[in-house]
Amino acid sequence: MGTSASSITALASCSRIAGQVGATMVAGSLLLLGFLSTITAQPEQKTLSLTGTYRHVDRTTGQVLTCDKCPAGTYVSEHCTNTSLRVCSSCPSGTFTRHENGIERCHDCSQPCPRPMIERLPCAALTDRECICPPGMYQSNGTCAPHTVCPVGWGVRKKGTENEDVRCKQCARGTFSDVPSSVMKCRAHTDCLGQNLMVVKQGTKETDNVCGVHLSSSSTTPSSPGIATFSHPEHTESHDVPSSTYEPQGMNSTDSNSTASVRTKVPSDIQEETVPDNTSSTSGKESTNRTLPNPPQLTHQQGPHHRHILKLLPSSMEATGEKSSTAIKAPKRGHPRQNPHKHFDINEHLPWMIVLFLLLVLVLIVVCSIRKSSRTLKKGPRQDPSAIMEKAGLKKSLTPTQNREKWIYYRNGHGIDILKLVAAQVGSQWKDIYQFLCNASEREVAAFSNGYTADHERAYAALQHWTIRGPEASLAQLISALRQHRRNDVVEKIRGLMEDTTQLETDKLALPMSPSPLSPSPIPSPNVKLENSTLLTVEPSPLDKNKGFFVDESEPLLRCDSTSSGSSALSRNGSFITKEKKDTVLRQVRLDPCDLQPIFDDMLHILNPEELRVIEEIPQAEDKLDRLFEIIGVKSQEASQTLLDSVYSHLPDLL
């Protein structure tokens, strides 16, 4: 029994292990299938991403076909037809295409790079050849020039690139540059005080600070009582030289370690004076003034720098006992004496002077704004809108006749007021139109509502106030307001008044008016019959008979929905589209660029292949539209009307 139980347990464990292994294999196979599906999906995505199309005119049938573009690195070797797709071919050597295209020939690569330029990108099927200047040079006037080397005392302000030269700047105070370079910036002077040293020689724009050890804190060995120590940051070795003066009594020899661990700085000219000259031994009086009792002792420090210490004998004694002709002075104790007459540097004080000037300008602006606000408050509250309307009514009689006749259209000996025509048609919508034209407030609208009894009276008074309030009021603005509030019927009536082909009925032009201060003549109430209605009749002057209605661009806006009449100048020359209408469309298109391709697509069935080829050779879309106007305008009135309908359907802002 025990053996059978153990065997059953072993079989169960084996089955569990096999189940786990099987599950692991299934999971691995699923991951492998997912990875392969992603790999195979990538080229499909790439092929689906080629969504660009182009238009091609089949020369045999004359049809305009839409073909798929070829991918980058290829060109169209055969255009598509009704039964076949386009054929793409790889760009030959020396040519390339960067993007999807529908061209029949690849672009030629640029010429090989002239010396000393080097090639950054080679000529390939997808890229053009790109040439750059080698490192250390930049491109100037088509050639490579070396970067400028900043002289001593100047540092690099901006590093040079392949297209820009190095910019240098003079080292500011506290910095220096002792070597000419085209890459190094100005370095800061060594902080002697931070290293517990004294400044022996002040640095300039071309040299660094020279540091020395404080004599009060320096130490010497017992055998050499007078030692002056100097160091220079550019040398890794220094020499202990006996100075011409002895150190004060009481210096401890235990402080020598501090002397050895401190590195002082000395310029190269001072170091050359302190190094002994043992090359000439023949002349005892000329070359033995400075001697070394012992060879220089090399002492290695634990830091990265080490130095030699030269010990000079007292300069007052020679080797023979005679006095020396030259004496080397040791550095004095304490800090260097400051120059009482310091030079004024404008560059140092320029930042805070600029800030002070800006603050002064800001204060002046605030003071002026406060004074202006106080003057505005002293003027008192604004006048009541009703008083403004009364003044406007009084000024109406004083308005020049020329401004009043601007809104009157003379026809068959009758003067028809456009404002009265609009006021009789808009009804209660006059409030919205008036607010759109004048940006008027509710109080101003309420002033018209309380002063008149009928809507057409309020509308006429509001429109007259608009013409008085804004001298730039024009018929174009009025038409824009009517179209904004979907009153195209009123616009059609105005256009019919100005067109010679439409006759307005007398009952539509008769405006019922009640007597009011703003009415030029008493007119019966609306309840009176039609035969009692009258028109504003004004005999035109001889000059007004030859004057066009509205000198501005309002007339092309009114006539934009139809082609020119037979009496226009362009119609007599063979075009069915007026020059004013074409210029208005082209001017708007040039001011506000938009996609004109849908307009060209609508005209494809009207144009023949030769005309289509002429239009496609024009690079600019605006010039293409201009040429399209010229071609379509001489075909027929139906073709001209089709072009205008397409223009105003795709460019609604022109309406």
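Using N, Cα and C of the backbone, Cβ positions are placed for all residues, glycine too.
Disulfide pairing as given by Swiss-Prot: among Cys113, Cys123, Cys133, Cys144, Cys131 connects to Cys113. Among Cys133, Cys144, Cys168, the cysteine that Swiss-Prot records as disulfide-bonded to Cys150 is Cys168. Looking up Asn82, Asn257 in Swiss-Prot shows the N-linked glycosylation site annotation sitting on Asn82. Note: Swiss-Prot links Cys70 through a disulfide bond to Cys88 (candidates: Cys67, Cys80, Cys88). Partner cysteine of Cys192, as given in Swiss-Prot, is Cys211 (from among Cys171, Cys211, disulfide bond).
There are 19 other Cβ atoms within 10 Å of the Cβ belonging to Cys106 (disulfide bond). With a 10 A radius on its CB, Cys144 (disulfide bond) counts 19 other CB atoms from all the protein chains. Here the disulfide-bonded residues are Cys67, Cys91, Cys113, Cys168, and the one whose Cβ sees the fewest other Cβ atoms within 10 Å is Cys113.
The 10 Å shell around the Cβ of Cys186 (disulfide bond) contains 21 further Cβ atoms across the protein chains shown. With all protein chains in the displayed structure included, the most crowded Cβ environment within 10 Å among the disulfide-bonded residues Cys88, Cys123, Cys150, Cys192 is that of Cys150. Ranking the disulfide-bonded residues Cys109, Cys171 by how many other Cβ atoms lie within 10 angstroms of each Cβ puts Cys109 at the bottom.
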